[in-house]
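Q: So Swiss-Prot lists these for the protein:
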type	residues	note
REGION	1-62	region 'Disordered'
COMPBIAS	19-32	compositional bias 'Low complexity'
COMPBIAS	40-62	compositional bias 'Low complexity'
REGION	62-312	region 'TOG 1'
REPEAT	174-209	repeat 'HEAT 1'
REPEAT	210-246	repeat 'HEAT 2'
REPEAT	251-288	repeat 'HEAT 3'
REGION	314-571	region 'Disordered'
COMPBIAS	317-337	compositional bias 'Low complexity'
COMPBIAS	347-358	compositional bias 'Low complexity'
COMPBIAS	406-421	compositional bias 'Polar residues'
COMPBIAS	468-478	compositional bias 'Polar residues'
MOTIF	490-493	motif 'SXIP motif 1'
COMPBIAS	496-518	compositional bias 'Polar residues'
MOTIF	527-530	motif 'SXIP motif 2'
REGION	614-634	region 'Disordered'
COMPBIAS	616-630	compositional bias 'Low complexity'
REPEAT	718-755	repeat 'HEAT 4'
REPEAT	780-817	repeat 'HEAT 5'
REGION	891-936	region 'Disordered'
COMPBIAS	891-900	compositional bias 'Polar residues'
COMPBIAS	912-931	compositional bias 'Low complexity'
REGION	960-1047	region 'Disordered'
COMPBIAS	963-977	compositional bias 'Basic and acidic residues'
COMPBIAS	1019-1030	compositional bias 'Low complexity'
COMPBIAS	1036-1046	compositional bias 'Acidic residues'
REPEAT	1047-1086	repeat 'HEAT 6'
REPEAT	1091-1128	repeat 'HEAT 7'
REPEAT	1167-1204	repeat 'HEAT 8'
REPEAT	1209-1246	repeat 'HEAT 9'
Amino acid sequence: MALSLSQDRSFDDDDSVDGSRPSSAQAAFKVPKVPKKPAESASSSRRPSATGAAKSGASKEGAGAVDEEDFIKAFTDVPTVQIYSTRDLEDNLNKIREVLSDDKHDWDHRANALKKIRSLLVAGATDYDCFYQHLRLLDGAFKLSAKDLRSQVVREACITVAYLSTLLGNKFDHGAEGIVPVLFNLIPNCAKVMATSGTAAIRIIIRHTHVPRLIPLIASNCTSKSVAVRRRCYEFLDLLLQEWQTHSLERHAAVLVESIKKGIRDADAEARVEARKAYWGLRAHFPGEAESLYNSLESSYQRTLQSCLKSSGSVASLPQSDRSSSSSQESLNRPLSKWSAAPGRVPAGSKSSGSPASLQRSRSDVDVNAAAGAKARHSGQAGGAGRVTTGLTPGSYASLGRLRTKQTLSTASSVGSSQVDSRGRTRSKMASQSQRSDDSDCTPGSQSATPVGAGSRSGSPGRVLASTALSTLSTGAQRVSAAPGSHRRSRIPRSQGCSRDSSPTRLSVAPSNISHIYNGSKGARGSRIPRPSVSQGCSREASRESSRDTSPVRSFTPLGSGLGMSQSSRLSSSVSAMRVLNTGSDVEEALADALKKPARRRYDTYGMYSDDDANSDASSACSERSYSSRNGSIPTYMRQTEDVAEVLNRCASANWSERKEGLMGLQALLKNHRTLSRVELKRLCEIFTRMFADPHSKRDPRGFGTVESGISSASFKRVFSMFLETLVDFIAVHKEDLQDWLFVLLTQLLKKMGADLLGSVQAKVQKALDVTRESFPNDLQFTILMRFTVDQTQTPNLKVKVAILKYIETLTLQMEPQDFVNTGETRLAVSRIITWTTEPKSSDVRKAAQSVLISLFQLNTPEFTMLLGALPKTFQDGATKLLQNHLRNTGNTAQASIGSPLTRHTPRSPASWSSPLTSPTNTSQNTPSPSAFDYDTENMNSEEIYSSLRGVSQAIQNFSVRSQEDMTEPPRKREGDGGEETVDSGRTALDNKTSLLNTMPLLSSSPRPSRDYQPVNYSDSSFGSSSFNKSLKDADQEESLTDDSGVDQSEVVAELLKELSNHSERVEERKAALCELMRLIRETQLHVWDEHFKTILLLLLETLGDGEHVIRALALRVLKEILNRQPWRFKNYAELTIMKALEAHKDPHKEVVRAAEEAASMLATSISPDQCIKVLCPIIQSADYPINLAAIKMLTKVIDRLPKEGLIQMLPEIVPGLIQGYDNSESSVRKACVFCLVAIYAVIGEDLKPHLSQLSGSKLKLLNLYIKRAQSGSSGSDQSSDVGGQGL
């Protein structure tokens, strides 16, 4: 059965909904509504016409699409208006700006306002000087309109800015710079009218506004993850190189070279075509740079460039079917492809306008029912309908293989060539960055038919086995013949199960042979009933039958019988030596591994697109990922990915598959020792912090893995496992820069040890903990662990407690005695650990806590003794009992241990202490905690022991008295307890470490000072560091103190934070919580804030984005209050806090803006001036109104705090932004710049003058006037009115 011409449509013929083009010829050709023969289409001109009529209208782009011709018609298709005066024009423009700046106006009003701008332009608005001033003010309105959700508003906005560019040319430079990034965001839009409007507007701007600053804006999008955006970018670069003069390009020649270089290596075939066209445009302007670029390319890319030059010159250098589409909503109703073949490339007998359909895959991201319907409609296609005969299996693509050898491919005498890349597999339609092309990208109609699973996306082990055993792959051109009546399926595969093409039917040439081999399928053809696509979630079992490379069929199908191929050819040595597995055991191993892994979800990412699964989990032994895992090499596409921002974007993606690939890219960068900048580090730490919060347990309560969730829980665990691997590399490379993040890292890893994780994942968490322990300073880790132990916001479960204790215990083995510091936080932590020795629910916790106490005692005996002396009697009794029991149990004391108190004991035996941080449920049985120490009392008689005990008892009593004071101060003499003599005698006794093990029993009978610290309740659930520290500092004024108030305050703060985390919910409750928090700031002791400050700051900054303006204003006032009372805490958060405070000035509510101004003013007086200036200067130069205004005002306050010498050094950073602001269209910004310059002059005097050389004479005169007024004592209000009067 042959398909009729009218039915033969490709799923990819039409443009994707993200705005991608149907072929590389889009910018140059107008496709008529009636399909024409391919020969008629290839003779068109390569370049667009001067009017920009690159037709991409409805006939080509689909319903709703617009092009430049439509724009040109719409420019003047507007109501007629008349301009009577300058005032009349200003009134009209002000009304227009008011309507466009408020998206609450009805959408048709906004569309009419945009049309009215064009009406005014037609009426001659450009002849009025005031128009250009108002045009600057309209920038924000244009941006807002281009972002509108209504397509009609977006279309009118694009037409209007295009018309402005056409009329004003380079005078539209400022507007073009602002609007182009917004227009780029329209390109991947699923609404064609939006996507094509943005594209047409950018084209017109490029043609008429030749501003060099546009080049970086375009080039920055060349690394977009959207394939549609990248294609357009290279097309725009080509247009720009064609239209602009060389002098306009010179400044950014390096950017152009680098962008084109990336494009030539792009993963998308069509993007590569556009980049190659741009290369020849670059060569016309900069032959030297182009030559250098050419020489830096690999030979395969050089050949491709040359072959494109030698070709017909037509843009149709690629068949339309050889392209990718990133759309997840693409329509199945496609028009006929115009570029099915280029004339002269394919023998006439093999030409057919229906060929693309025979080479397309089904799409799993579209409606499966529609795909199944399309399959049914095309099921009777005959053998002669396409360029390639029966040998081409479903899923074949226009450019199926890439050959890396230097052999010239013969396309004149053969229908297609079978090319094998370095993987020893055929190449799918979408080329990854690791698959370098030769000339098939550039050769229309050079379809290849590969014998082994032609066109499938990954070479499974089975394919390699088949190719090796049967020797059916060849390095040269292979002919594929077919009898007219040969048995074959339709080449329109259906979406089945978890992949776009079911494995059993890939090799559909011999169904009878397949059916009895592949046991997992229900026959070679499979069911026509559509199954849920992977985007709806698929289980591992489902993927067995339908994933793209889990079928054993490919390795055993008798290819020769169905394909009529020559089996005498051999794999080239270069291919087989690199990638082909030659041993059967390797193949079996890899096949088993591949069968265990589920299919990869389809999506589009940088360098690895939907049809390239070189890195999918289901990839086979010959894929990049599995190959690199055996050989330790890094995948090629990862080696080429140097765009860290792109990698970080993927790591931060909500899509778990993208996140996985982002982590892989990050791993590759880290293994190449690519260091990250401070900003990149900060962002990556934030991303990792969020990843820790994601669910990864074996039994997650949120129901992941359902159809609704779209991804199985196994995927979460795989990504988390990869995250842990990346984390280890990240710590190893950047450990010197991560000390500020260590608290989050360490605490989150310890929490994960208490989660219900798989054994393999838990082992990776353990490895990360081991690396962390070895990478950071011991004293810093110890301080963090102490803080974490007493953190009131944490409620660790039993496993987490064991993990914390084991980590502390292991850490003490590598700590030096001086690393143990006796602080209030440490005393609290030790108290809590003592309570854990009586944990009723877990013997593991009890044993681990006992081991930690003994380890700490062993680490620094004098300090630990002092610490115990500061604790309440109940805690001393518990520690005494533990240590005494330990001594009795061991019965041994090493004589060598008697000596200096700073001498470390012999490390614990490896047999019992080798891995204290293994699984929390198993370690305690393997760790005989107290008995592991080797103490020896045989050489000491009882009199020595008891005399030592008496001395230590007195010393501890003395330390108990001193515990009310700061332990860092020298000991004070106290009447009645022996003064310094007692201390000395105690220290002498401390020299004998063994004696301390028997010291504690005497404490119960010895008298204690009246000011002993005796908390009422020191239970596990109520530790309060604030009252404890207060008692240490204020003991001389208070006779007794309980820690109830401290516990209450800390608990109150924790409850408030919990309430504040309900973003955009429970408004009244959160208002009350913020008010209470402000009260606590004024009353609470600082030690409570030691625990909670970071959490409070994070929540406050997040609350600034709340939906309620009252909440936003309150959050700013709380922030201001903290800044007022505890400014030193913001040292490490200055940049983030300043940015958030400045952004709050954009708030539409005046109450929030006032609060933001107060917070910014407090920041200017609280944060270090140097820090402020480093943050503010870039903002002043780059931010828009009103953020730049707020930054300038803040800078003015900061300048008042700077000394003359420091300010003079910083002038090169400060003054350029102020001079730029002096020209701002907003009068308030100009005023603020003048006041700031006056403030600078007040500090440094005439030293400012040399930096003002760029100012015009009138502006200098005006500045001098206000400097004189300031010197004469004019008030700020007078200055404000005067400056306004002078027309600043």
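Yeah, the Cβs are placed from backbone N, Cα and C, and that goes for glycine too.
Just tell me what is around each of these and how deep it sits.
A: Mapped onto DSSP classes, the repeat 'HEAT 1' (174-209) shows 30 helix, 0 strand, 6 coil.
Taken together, the residues in the repeat 'HEAT 2' (210-246) have a mean pLDDT of 92 on the 0 to 100 scale.
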Q: Restricting to the same chain and to residues at least six past its boundaries, which positions have a Cβ under 8 Å from a Cβ of the repeat 'HEAT 9' (1209-1246)?
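A: For the repeat 'HEAT 9' (1209-1246), the list is 133, 136-137, 1170, 1173-1174, 1177, 1180-1181, 1185-1186, 1188-1189, 1192-1193, 1195-1196, 1199-1200, 1202-1203, 1252, 1254-1255, 1259, 1262-1263, 1266-1267, 1270-1271, 1276, 1279-1280, 1283-1284, 1288.
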Q: Counting only residues 6 or more past its boundaries, what in the same chain has a CB within less than 8 Å of a CB in the repeat 'HEAT 4' (718-755)?
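A: That would be 617, 656, 659-660, 663-664, 666-667, 670-671, 673, 675-676, 678, 681, 684-685, 688-689, 691-692, 694, 696-697, 761-762, 764-769, 771-772, 775-777, 780-781, 784-785, 787-788, 794, 796-804, 807, 917, 920, 1094, 1132.
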Q: With helix taken as DSSP H, G or I, strand as E or B and everything else coil, how many residues of the repeat 'HEAT 2' (210-246) land in each class?
A: 28 helix, 0 strand, 9 coil
